[in-house]
Amino acid sequence: MIIAITGTPGVGKSTVSNLLFEKLKSGGKDIACINITEVVSKNGLYLEKDIEMDSYVVDFDKLNKYIQSVGTEDLILDGHVSHYLNPDYIIVLRANPLLIKNRLESRNYSSEKVKENVEAELLDVCLVESIEKNDESKIFEIDCSEKDPEKIVNEILMFLDLKNPEYGNISWLEDYFYLIE
């Protein structure tokens, strides 16, 4: 089972992925958690580095080979491109664009990178890409803005157990359109 935890940078993917990993591992599951950004950077699994946006253009062929070499069938893929890696389930984490803006600014992201990611959240980019690339029955979307990570993980576990997809209920455009003007 491969679980993709995707969403705009700053939404809480790593926090949720690590907590989900710990919960599944402590329950006896032989599972690994892969932080896509770290793996791509450390192992040169990219086509080029985008200097302006301080990010990598992922080489998906190399990344897929790396994932296959991990040695376990059960994986959590933590990253905003994880929905491109043919997962069994896709968890799309969402958060209030102002919360994302504040988190990214506290990480010293450039103003251009903050703006691009806030726009991506406003326009549902990770959700839309997930729907376009995958079977919609695999997708579960969660608003993480005001939820404790433990509650988010419990919702994910319930989705994995019941397999009832839920997405398309979160929209920030009406309240936060001014952020992209």
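Every residue gets a Cβ built from N, Cα and C, even glycine.
Matching 35-58, 155-178 against Swiss-Prot, the residues noted as region 'NMP' span 35-58. Residue ranges 7-17, 106-116, 128-138 are listed, and Swiss-Prot annotates 106-116 among them as region 'LID'.
The ATP site in Swiss-Prot is built from G10, G12, K13, S14, T15, R107 plus one of K29, K65, K147, namely K147.
Regional average pLDDT for the region 'NMP' (35-58) in the model is 91. With G10, G12, K13, S14, T15, R107, K147 listed as the residues that bind ATP, the site has a largest C-alpha separation of 21 Å.
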